[in-house]
Every structure is written in C-alpha cells, then in structure tokens.
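K.L.:
Encoded as structure tokens, here's the structure I'll be asking about.
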Ligand SMILES: Nc1ncnc2c1ncn2[C@@H]1O[C@H](COP(=O)(O)OP(=O)(O)OP(=O)(O)O)[C@@H](O)[C@H]1O
C-alpha cells in the first residue's frame, strides 16, 4: 500500500463503497456522504487527493471545492460528475480542480486519473523542495566567531522557528541589525514569503499611515485612482521589518499598536477589515526603554514588539571578530574588484586593533572596500585604510557618508555631503588613474574639462577646510 490518502465525498453509497473496495489495497481511503462532513474531516486529516461529487445535497461540490482551495490549496481535487453537468465541470476547472471523471465510473480509468494526480503532486512537492533549498542557500550569512555572537545565533535559531513572535533588535548603528532581521526571516517558517523592510525614519509622519496600511481609491486628494496596497499587507505570510522604529511618531505608534494587538487593520478610507499574517521584527539604535520613560515611545507598543529582545554588541565589544571581518571583507572586495591583495600589513593591523570602530561593521566594510579598491599592494597599508594620521579624517568621512542617511526633521548639510562625495571619488579616481586627469575623468564618466573644473574647485575647497 502507498502512503497516499484519498477522500471520497459523494452522497451515493454505491459509489463510495465501489471506489473504496477497488482501491483500498492501494491507498488509505476515507469516505464521506456530504461536503460538510468531508470539510470537517479536512481539519483533522491531510489527504493528498479528494474525489468530490459536484451534485451533493446541502453544500454542493462547487462550494466545497472553493473551501478546499482556500484552506488546503496543495490538495488536488478530482470532480465526479454526471455527463450532463459539463458547464459545472468547466467552472470547477476554472476554480482549480485538477481533473474530473464522469459517471458511471470505470474503475480502471479512475485508477489512471488517481495515479496521474498523485504523480503531479509528487512532482510539485519535489519542485517546491528544490526551490526552498535554493532560497535557503541564498540566505544571508551573519559572520561572527566571538562567544557573544555564537550565543545570539543559537538564540536566533530557536526564536526563528516561530512564524509570528515579534522580535526587537537593538544595537549601535552598523552592528548588523538589518542583516540579523534578514537572517531571522530566512530561518523562519515564513522564509518563502516576502521580507518587507520599512525604514520608519525615512517616511514622513503624514504618509506613514497610508504607506503602512495602504489606502482605498479616492481616500484623500492626490490618492492614486486605484488605491494602494500597504507595506503591512505586502508582508503577508512573510516578515515585516520595521527599521529605526524609535523614529516613529506617537501618532503612528498608536496605529501600529492596533495592528500588533489584533493582526487586523483598515486601509485609509476603507471599511473592510483586513487580516495579515506576518512576523514583525523591529530594530533601533535608540534607547527605547529610556524613550518609554520619557514618554517618547508608547509602553504598550514597546511590550508588543519586544516579546523577544536581542542586543547586538558593538564591534569594540567583540574584538575577537575583528580579524574575521577583515579577512572576510578582504576576500569579498578582492573578488568584487578583481584584485589580489595578500593581506593587511602589521602596522595597519596594529592600528585596526586600536581603532574605536564607532561605525561598527559598516565602518570596517567601507574602509576595506575603498582600501582594496585603491591600494597599490601587495598588502593594505595604514594609508590605504585611512588609518594613518595624514588621512585620519577619511574613515570618518566614509562612515558618515555611506550609506546616505534618510532626511529627517534634523535636516542635513548638503554642501558638506557633496564635498565628502567629491573627496571620496576624486581621490580614488586620481589614485586609480595614477594622477592622469583624463583617465580619472573617464572613471567618473565626466568630460575632461568638466572634471578639471570640478576637481579644481574641490581642491580649493579642501584647502579652505
Ligand atoms: N555579522 C555580519 N556579517 C556580515 N556582514 C555584516 C555583519 N554585520 C554587519 N554586516 C554588514 O555591515 C553593514 C551594516 O549592517 P546593517 O545595515 O545590518 O547594520 P544596522 O545595525 O542595521 O545599521 P543601522 O542601525 O545604521 O541601520 C551591512 O553591509 C552588513 O551586511
């Protein structure tokens, strides 16, 4: 006997008994005389295939098919029909029935239909498992050899198993909070679903509600004519990552709380309640507990989002990981830029060991990227990494510039940012082009005279700072 389970749902006893008698040596068979009893049994058993009569008394086969497709989309359904019922058959096929058989039943023919259906099911499962393996292979890799990172990863392994427990990740900027959120998603049962990232600091206060929850058409002036799906809805069956949650306004916090408490929400201007199944992972580099004390963050929301709390240590708190990151980024950027730097010189390494790493792993990554890109070799020197006295501001510049920070109410100094951009790319271009201006211009996709003009301006500005 195979380990496949079949349901027969038919009000005619002779049909139920006939199918059962013919196939019971091959399959596990459960028979029901109505759609209602069949659907009840579906909550307990996991059949592979349902043979479903269309003309059932009470709930008919078409309605039952809709239910089965909604609750068990992976179960195949073969409709049983009287010959004259062909329009219903077409409707069933459109609703997702796998096949149909016509009464009076020929058992051999039915046997072929069942075997084909089960083979289709086997192939679908195989494809799904291959796709899942591929997705798992693409999962991000959170590096760390220090004991504290080992402990966190072991904890994450357990936490990720739940599909909906909210997680709050705290830590300084650049410590890897976003990467950790992605790791949790990829290790969770929702990993085949979407991972939707919301940068709460980047969305203006007046837009946060419509961005998170979406809106119906005509919800407000300027709304799109078709309405809009919100980020929360997009995260259905996946993970919603709320980055910089400490930047959420109190108003937006209240709306998010409602969703966190009920898992339900209304679109802006909508009257239909929507339900979404997602895990919320939040992250912040702010002291949320302190914000709760000072009434800047809602206490009730804080407890909702922090069922599991993870504190990512700063890089200076895990010096054992420094060498690992340095080797990893050296390899990564050697490959990316097709370079062959052998390692880090002892003097550069000595400086790296004492560097404060205020920008944490991101700072290390940026320094290694520009170092590997521009170094003469064969090893990375303190100058390549911007860690010598002469270039001491370089690291700071990289760190405060890359990646660009979203605009907040605090504003930004655009001139200073432009100057840093120029410094970052002009310096590298001239270095890569061995001081040849026309080659440097080509590297930056600028006309030679434009490059000369802008470079001269940059040098003059540098003189004055
Ligand atoms: N453990 C790690 N392994 C590999 N790469 C890492 C690790 N930690 C951080 N990184 C890399 O460092 C950079 C910064 O990480 P990430 O964006 O996750 O930090 P963050 O804590 O979310 O920063 P912020 O608070 O500024 O948003 C990313 O490019 C990330 O891939």
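Just so you know, glycine gets a Cβ as well, placed from its N, Cα and C.
TrEMBL lists these features:
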{"type": "DOMAIN", "residues": "5-118", "note": "domain 'Response regulatory'"}
{"type": "MOD_RES", "residues": "53", "note": "4-aspartylphosphate"}
{"type": "DOMAIN", "residues": "142-373", "note": "domain 'Sigma-54 factor interaction'"}
K.L.:
Three-state secondary structure of the residue listed as '4-aspartylphosphate' from DSSP?
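P.N.:
DSSP call for the residue listed as '4-aspartylphosphate': strand.
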K.L.:
How many other Cβ atoms sit within 10 Å of the Cβ of residue 53 (4-aspartylphosphate)?
P.N.:
25
K.L.:
What average pLDDT is reported by the model for the domain 'Response regulatory' (5-118)?
P.N.:
93
